[in-house]
Amino acid sequence: MISNRMYFTLEVGVILIICSSLAIFAQFENKKGTDLNYIPYGEFMEKDSPGINYRLPDDIRPDHYDINLRPYLLESDKENRFTFDGEVFINITVLKRTNKIVLHSKNLKFSKSEYCEDINEPLNCTSFAEADPDNKTDIVTYILSKELQVNSVYILHFKYKGSMDNDMHGFYRSSYTNSKNETEWLGTTQFQTNHARRAFPSFDEPKFKSTFKVTITRHKSMKTASNTNMLRAANVGDYYEDEYETTPIMSTYLLAFIVSRFTERTDDNGSFGILARPDYYAQTEYSFVVGQEILEILDKYFDLPFYTLGIDKMQMAAIPDFSAGAMENWGLLTYRERLLLYTEEGTTLHVKQQIAAVIAHEQAHQWFGNLVTCDWWSYAWLNEGFARYFQYFATDKVEEEFELDKQFVTEQIQSVMVKDSMNDTNPLSDENTNTPSDLNRMFNSISYNKGATRYQNTIPQNLFDTWKKYMDDDEADDFFLKFTTQVGYPVITFNLTSPKTLEISQKRFLLKDNDGSDPTLRYVVPITYTTDSEKDFNNTQPKFFIRPVDANKIVELNDNVSWVIGNIQVTGYYRMNYDEKTWHKIHHALFEDHWSNIPDVNRAQIVDDLFNLARSGTISYDLALDVLEYLETETDYLPWFAALNGYSFLAVRLGTDTSNFASYFLHLSDRAYRKLGFEENQNDTTLDIYNREQILNWSCKYGNKECIEKIKGYFGKDLIRNPVPINIRAIVYCAAMREGDNQDFDKLFDKYLSETAATEKTLILNSLGCVKDNGLVNRYFDVIMSNEIRRQDKSSALASLYNENNENVEVVFDLIDSNLNQFVAAMGGYSAAATSITGIASRFTEKSQEEKLKNFNARHRTEFGDAATTLDIAEKIVAENLEWAENKLNTFKNYLESRSKSTSTRNSANTIIIYILGAFALIALLKT
């Protein structure tokens, strides 16, 4: 029998694994302003031509790579600068009869290509006939004059030249400005999912595990790092040949190397270290300490210490230009600078949490992903889900103040449930994963977050067989198989037909019934609940399972009850709905003292379910908004986090007509605003600090006069001598930009240019996007297009420009239309540009805006090529926005108007009472 705690851990663990930044960190992007009602549009990838085979045959197995590289990064390298020379020997074993050698290569120019039949010296080698890689699949096929012998060993030998581009894939170049104001160049790698082929010809699929031996020739002024420890550094004039130990058996995407002038903070025996540019050495202390603490937690949890896995060192490197949030390369983990570097004066508590969590995520991959690897990307959730789970629960053991077990519900489960209730969702395990677009698609919130709720190369059945040992349920196989192969999830409806009788039913939850999804799907669902007579929110043991074949289930309760709440502690992956009478009873319970002891996690669940049930039409917006009135008593972080995500969806659809919504929100949040204030106190929990951040942000945004005056006071001071308190700094900067002029913009942008803390630079970058004045919107757009912002940061900077103010949405779109060539170049190509355009279009709410988008797409379809399919998705999203507005917007507007009138009436009545009382007081005074 599985224990309550273990069941909770399994359930939440599986949800975490399934629910997603690529390495994929949309989820690791700036949390201020994150709207979980929107899908990260990078997940909508253009579809490649059907019928093309992207997979390698399995007639050859690579066993070992011996890789020699010489990058050219110095100005003295002249015409060779930003290229590299490469040579690789690949030991292969023939598994099936074949006269072909088929492998991957991309953008490599070969000077020698041959295969050798004798692995002993001297080699008996035969040159390949010239062959070019397929431009779509990157597959190169060498036809041999005779068949290779089964079970025989051969060596493939290639010499080649490659390019170190600045697109943050393959073996690429990055740069930073040093303390002497000089540009320093470095070479680094990002191979996941399919970019190792840009550094060396390879069998570039996760199942083709091999060992690797790397040798890098570098100038004496530079240093190198790779997955393993260095064996020797052989001096050759002004250069060194750094030879590294052979790796354990691993996939190509996990290989990594860096050539730089970085410095390292390391422990006494050199087994753990942090690499960063020299000027940032002081910022590595936190990650150095917490990284070792988390690694120790994982060692104990798995009872399989990292240093026994095959690599006896771990380095974590902060890379200036990095496309992913972080990458789990075995033994050499790489990160964006803002996700590894910390300063007490320049890093918010929220970002500090991010840093620790991302470190835990990448370290967990050393077991789940590196030691044990998914057989193919269709099972990416086996890698990412477990890593996401431990991202929260390993960090929680080290940084208990963050209360990550609670945040998991709002940040992961609730976010993925939006994605997983749409027609374009995918199951955890998806056999239709072949093209580059498919590979990107599998690194989404489904693989990361939903996977986190429930490993050699592994497939799901291996995992299920292990779990069954700990469960006595006779249908465990069916439960797990359906969980990973079915799309979507259910909404469970509780209907109290009498005070002692509960009727339970399920149906698939869909945000749109007519979107082409199969509404008949049913699920295996573990049911938990408590009632007002019990109020037991601690027992997460399922009372029973509902199965797809079950009709409505009738439960006789022990006592007469007023209300019942299901999915205790959100340990099940489903939404909860109730009959209307029960919803009103829950509403009344939430107005009682301490919210009737309903815990914050379940209050957040109630809030999130209400918004999404109304959005889908399952319940009316009138009912949802009526129950949500309880928020005027709410002061805790998790319910407000869920509420603000729900209100974000609605506020966007109001366009620029937000005056009634502003007064509605300010009334609803007044108690929380008054309780939290601007200043931290010694009794604040971490979640109180986070709550202050989000409540102040919205209060200033929607015109709280006191809030705006406060931020003007903070921003009016010298930002260097009198820095704004770190945990409200983003709110102050953003509101100052929204209310400010050119002088205010100059003040903050100058601070961005001079700032050395990566976390503070990111905070400022996103705050600058809060500008509302059209002239400043134009000005910041020009900054984003320039080289003053790194390419990796451009999309988030642009997003802040159209997300923070509804008035900016169309202005930004027009700027892109007028400067399309410049925009495409700045963003890094048509695919990235299309993704940003789709993000903007998701906020279009008017028919005229839809026509503008269609006109844009028609004019530029040919230029966008394959990425034009992403623009088609943008049109679909706008059409859905307009459809929602036609069916539901007036209901919301009418509700806001009625609330505004009632508030105005109450205010008028209060004013009259004050006048009357004042008159009586004056009369009494005169009589004396």
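Positions of Cβ are set from backbone N, Cα and C atoms, glycine also.
Record features (TrEMBL):
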ACT_SITE  E362  active site, proton acceptor
BINDING   H361, H365, E384  Zn(2+) binding site
DOMAIN    62-254  domain 'Aminopeptidase N-like N-terminal'
DOMAIN    563-864  domain 'ERAP1-like C-terminal'
SITE      Y448  site 'Transition state stabilizer'
TRANSMEM  7-28  transmembrane segment
TRANSMEM  908-926  transmembrane segment
How many other Cβ atoms are found within 10 Å of the Cβ atom of H365 (Zn(2+) binding site), counting all protein chains shown?
-> 27
Least surrounded, by Cβ count within 10 Å, of the recorded positions E362, E384 is E362
Using DSSP, would you call H361 (Zn(2+) binding site) helix, strand or coil?
-> helix
Rounded to the nearest angstrom, how far is the Cα of E384 (Zn(2+) binding site) from the Cα of E362 (active site, proton acceptor)?
-> 10
Give the three-state DSSP assignment (helix, strand or coil) for E384 (Zn(2+) binding site).
-> helix
Cβ atoms near H361 (Zn(2+) binding site) (within 10 Å, other residues, all chains) | 30
